[in-house]
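Per TrEMBL, the features are:
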REPEAT    47-81  repeat 'PPR'
REPEAT    150-184  repeat 'PPR'
REPEAT    185-219  repeat 'PPR'
REPEAT    220-254  repeat 'PPR'
REPEAT    255-289  repeat 'PPR'
REPEAT    290-324  repeat 'PPR'
REPEAT    325-359  repeat 'PPR'
REPEAT    360-394  repeat 'PPR'
Amino acid sequence: MEAVLDECGINLSHDLVVDVLERFKHARKPAFRFFCWAAQRPGYAHDSRTYNAMMTILGKTRQFETMVSVLEEMGEKGLLTMEAFLISMKAFAAAKERKKAIGMFELMKKYKFKVGVETINCLLDALGRAKLGKEAQLLFEKLEHRFTPNLLTYTVLLNGWCRVKNLMDAGKVWNEMIDKGFKPDIVAHNTMLEGLLKCKKRSDAIKLFEVMKAKGPLPNTRSYTILIRDLCKQGKMDEAVAGFEEMLSSGCEADAATFTCLVTGFGNKKKMDKVFALLREMKEKGCPPDARLYNALIKLIINRRMPDDAVTLYKKMIRNGIQPTIHTYNMLMKSFFMTKNYDMAHATWEEMSLRGCCPDENSYTVFIGGLIGQGRSMEACKYLEEMIDKGMKAPQLDYNKFAADFSRGGRPDILEELAKRMKFSGKFEVSSLFARWAEMMKSRVKRRDPS
C-alpha cells in the first residue's frame, strides 16, 4: 500500500487525512498504515485533529495499547487536547474496562490537564452508556470529595441506573439530586420517563408526565416522543396518534424522530396508507425525513419482501441529499440475498464502496454469509481474507458448508491457509474445523493414490 501511495504524489493536508481515516473507520489496519505513512511524508505533520481521528478508530476497534501509545506521542509533541483523553475514556468504558478508563486521570495529571467536573461527568456518562451504572455510582462516591457535582453529574448517574433497569437506585439518585439543592430539568425528567417505560412502569410514567404538565418543566418534543415510541412498540396506535395530536396542540413541533416512531408503528401494523399520509404530513410541516426515517421505511419494505421498492426508496434518499448509513446498505444486501439475487447484492456492495462508505463487520457478515448460501465459497473466501486483513474479527457463520464446498473442489491448501488466519484472529474453533477438513481432503487423496 505504501509504495502505491508514494507513487501517487499526493499533496497531503489535514482535511484529506481526516477524510481518508473517516472512510476507513471500520478498517483499522489500513487506516493505521495510512496514518503512519502520512507521518513520514516530507512537509506534512499530523495535528491534534488527525491524531484524534486515528485514536477514535483505535478505540472503537479496541486496540487499546496502540491507542495509548498514540496519545503519549501526542503528549511528546505538545498536541494533546482534552478530546484525546475523552476519546480514550469512552473507548475503555464502552469495553467495560473501568480501571483503565479511570487510569486516564493519572495520564491527564502527567500532562498537566485538570480533572474537573466536566471530565468526570464524561466518564460517568460513558460508564452508564456501557451499562455499568453500578460502577459509575461507585466511582462517583469515590471521587465525590475531589470535585463539586453539578446537575449533569446526577443526570448521568440517573441515566446509568435507568439503562440497567434499576429504578430503586435511580430513585435514590433523583432524591439526592433534590436534597443537594438541584432542581431536575427537562433532561433529567425525560431520562426518568424513559427509565420508567423501559421497566414497564407505564402508569408511573404517565403520572410523572402529568406532573410535568402541571408543575413543570413542561414536556418538550422529546418527552412526547418517548411516550409515543412506547405506545407504538405496544401497537397502541390510536393512543400514539392521540399523544401526537396533544403534542402539536401544546405547541411542540414534531421532529423526524417522532414521525419515525409513528411510521414504524403503522408499518408494523401493515397500514401503509397511514405511513404515506404521515410522509405527506412531514412534507407539509417542513420536516424533512432523515437517514433514520429512510432506514425505517426501507426495513418495512424489505420485511414485506419487496427489495426493488427498497432500491427505489434508496434512490429517492440519495436525490433528497440524505447520506445513506452503513445500516442502509447492510439491509439492502441482506434483502437481495434473501431473494437469491446475487447480482443486486453485489451491486449494493460496489455502490457502498463508490459512495465512500466503509463496510463494517456486519457488512462482511451479511455479504460473506450470502455468498456461502449461494454456493460462492471461493468468492466468500476472498472477502473473508479481506476482512481479517483489515483487522476485523471473522464472522459467526456456518463454516461447515463453506469448508465442505472447498472439500468438494479439492483445495486443502486454501483451507489450511484459512485455518492459520482464523487461529491468528482468535477463531480457534473455526480454525480447527478448517484444519480437520483439510486433513480429511489430504487423506482422501492418499487413499486414491497409494503410490
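One is the number of the first residue shown, and numbering goes on along the chain from there.
Cβ atoms here come from the backbone N, Cα and C positions, even for glycine.
Remember, it's a predicted structure, so these values are computed and weren't measured experimentally.
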Counts by DSSP class (helix H/G/I, strand E/B, coil) across the repeat 'PPR' (150-184): 26 helix, 0 strand, 9 coil
Surrounding residues of the repeat 'PPR' (47-81) on its own chain - C-beta under 8 Å, 6+ positions past either end: 14, 17-18, 21-22, 24-26, 28, 31-32, 35, 38, 87-88, 90-92, 94-95, 97, 100, 107, 110-111, 113, 391
Three-state composition of the repeat 'PPR' (255-289), taking helix and strand from DSSP: 26 helix, 0 strand, 9 coil
Sequence-remote partners of the repeat 'PPR' (255-289) [C-beta within less than 8 Å, at least six residues beyond its ends]: 221-222, 224-225, 228-229, 231-233, 235, 237, 240-241, 244, 247, 296-297, 300, 320, 322
Tally of DSSP helical, extended and coil residues in the repeat 'PPR' (220-254): 27 helix, 0 strand, 8 coil
Overall pLDDT of the repeat 'PPR' (325-359), taken as the mean: 93
